[in-house]
Amino acid sequence: MTHDQSTLTVDLNSEDYRDRVFGCWQGKNAGGTLGTPLEVAWGQEEPFDVWWYPELQEGGLPNDDFEMQLVWLKALEEIGPGLTARDLSRYWLDHIGYNFDEYGLSKLNLRLGLEPPVSGRYNNWFIDCMGSPIRSEIWACVAPGAPRVAALLAYQDAICDHAGGEGVDGELFNAALESAAFVVQDPRLLIDIALSYVSKESQVRVAVDAAVDARDAGLTWQEARKAVLAATPHYNAQYAPINTGFQVIGLLYGADFGEGICITVNCGYDTDSSGAAIGSYLGILHGASRLPQKWVEPLGNGISTNEDWGGVRHLGGSDNPVPADLDDLVARIRKVSGPVLRHHGILGDSAAFSTTLEDLYADDTIKALHATSPMQVPFGGDDLEVTIDYGRTPAIAPGAAREIRARLRNRRRDPVQVTAALRAPESWPALEDQRVTVEPGASIDLNWQVPALTMEQIAPSNRLSLELTPKGYPLPSTVPVVLVGTTAARLTGVYPIEGSDVRSWLDTVFEPEEATAEATTAAGRPGTWREIHSEGHGQSIADAFRSGPGVVYLQAFLHVPTARSGWLVVDPSTPIRYWLNGVETGRNDEFRLIRPNQKSADGIGAAVELREGWNEVLIKIAHDGQHPPAELHLAVSGPGRIHNYQFDIDRTSFPWATSH
């Protein structure tokens, strides 16, 4: 596409800017309220036929899409325009109670000591989902007409819980489109601009292209929907590529605001998120003054949240509470937008700046983000910048050596002599100090080899520290290095099965169910047991049925520091039956699709009472050899509505292999 070089202007003091910011949040509220009652966890084949709010209340329906961005505004005000993913991660822990899907998994990683982007990637089945694309508007509104800035901020946000996944591309697409919409009103041009921020191999790009091609071919919006689903199929309703495609369908096919949000919501799947996004698109494009009162007047000017039950936390009661209504939200966004744009070199002393169409497209800085590994954690410094490279994973397993890598970059004008000491936990062998000289502007890689450790030496969170002593310079801060222990379990089987009745497979008793001694001893359950060590919640059972169909038993142990009520998260793709401390707790008789979140789906997880010390989980797994390889996720969360993952429960060992 040829880029017009005509000048575009943004004035932060103008009524036009205020009107479009206000319209953004009115539109988001309207679209989210329209879609919230229709949201489901699994994709549905048929579209909806909804053309008005299914449910209404003053301030709209509370929605994490909106609430979390109130917290991000608070972070911008308190940290400043240079805020990073590490800054945002602390606001996650302070203010976000939700543990839905990727939210809970990334927060668990933070609790274990991992930093972004690793915290957003490790043990996270949901990196391709909608949790981050729904948080794009705040970045667009503080960087109007500056999508490169909006995208840089959106990237810091997205890698907190979607690093390396389609969720990052989805948020960059939304942030760029919304920022550009402050100065460009052509939907097709906006889509082209936004796609320049998406990685070339992204399924978000495939879905958007499918929607655009359908429109060009003269297809109906229903046919465009089918085209998006055919191009990027997935059963999870929160899959970001599909929902981004649905947002684009609403933008291209809607003749007005109401029709646009209704078409997107009627496409289905993650309706609250996609509805809120298209509402924001159209709200910025039209501005509040041109939004139909039919859609915005019933919602009023208030902001609804779920703070009353803990979905979000600590929003008020401080010297900087989050905005209570749209007027306050818009005023505070306008106040912070100037510092953001000045920090990034866009704005001078005045409140206005000019840009060109060419400058709305992604540059090499944005494109470099897509080449950044989600397993590298950067730490800035005045003298030395440090990047910890976890390689493939931050996990450490017993019986295998583990490499730890760090890159030092010298920011000074002279060579810097550095002593680098990596301090390990007391039970680990000491690691040798390294002494290097780093030339000005250059980088140097350091490597340490951790020898093979026993299960007893490995904890759920193994906290090391990199201490740097640069000769002739002040001491920098210690750099944290965290390795998470793999989860331990053991398997026995395959025990042969007969017939095709799944219930009979699960009801037939095999030797591991008949304990001959205390189950927490190595010989407590008969069987030819073999150990497995898995990264995160997904258990390494894909090869368990290599010898053929039948029944396999998995035995795992939870060491609980204090007795508590909990929720046993068990999410299988295959029929299972399971026991906690010898008491049958749940079962699943179907071959199914997994969706391993904080609660598990289809009533398979269960409320449990966990005793202090060791607790045994025994899972009987059946497979017919015909369905896809078996998958099983196992975790422990808390009771009630929030379901906090229990990060202090140790699953790295067996009772007979440790002094616990």
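Keep in mind that glycine also has a Cβ here, set from the backbone N, Cα and C atoms.
All TrEMBL annotations are machine predictions without curation.
Features of the protein shown, as given by TrEMBL:
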- Asp270, Asp272, Ser273: Mg(2+) binding site (BINDING)
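Location within the structure of each feature annotated in TrEMBL.
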residue	record	Cβ contacts under 8 Å, 6 or more apart
Asp270	Mg(2+) binding site	Glu39, Met130, Ala237, Gln238, Tyr239, Asn243
Asp272	Mg(2+) binding site	Gly32, Gly35, Thr36, Leu38, Glu39, Asn63, Asp65
Ser273	Mg(2+) binding site	Gly32, Gly35, Glu39, Asp65, Met130, Pro133, Ile134, Gln238, Asn243
Using DSSP with the three-state reduction, classify Ser273 (Mg(2+) binding site) as helix, strand or coil.
helix
Other than Asp270, Asp272, Ser273, which residues of the chain come within 8 Å of the Mg(2+) site, judged by Cβ distance to the Cβ centroid of those residues?
Gly32, Gly35, Thr36, Glu39, Asp65, Met130, Ile134, Gln238, Asn243, Tyr269, Thr271, Ser274, Gly275, Ala276
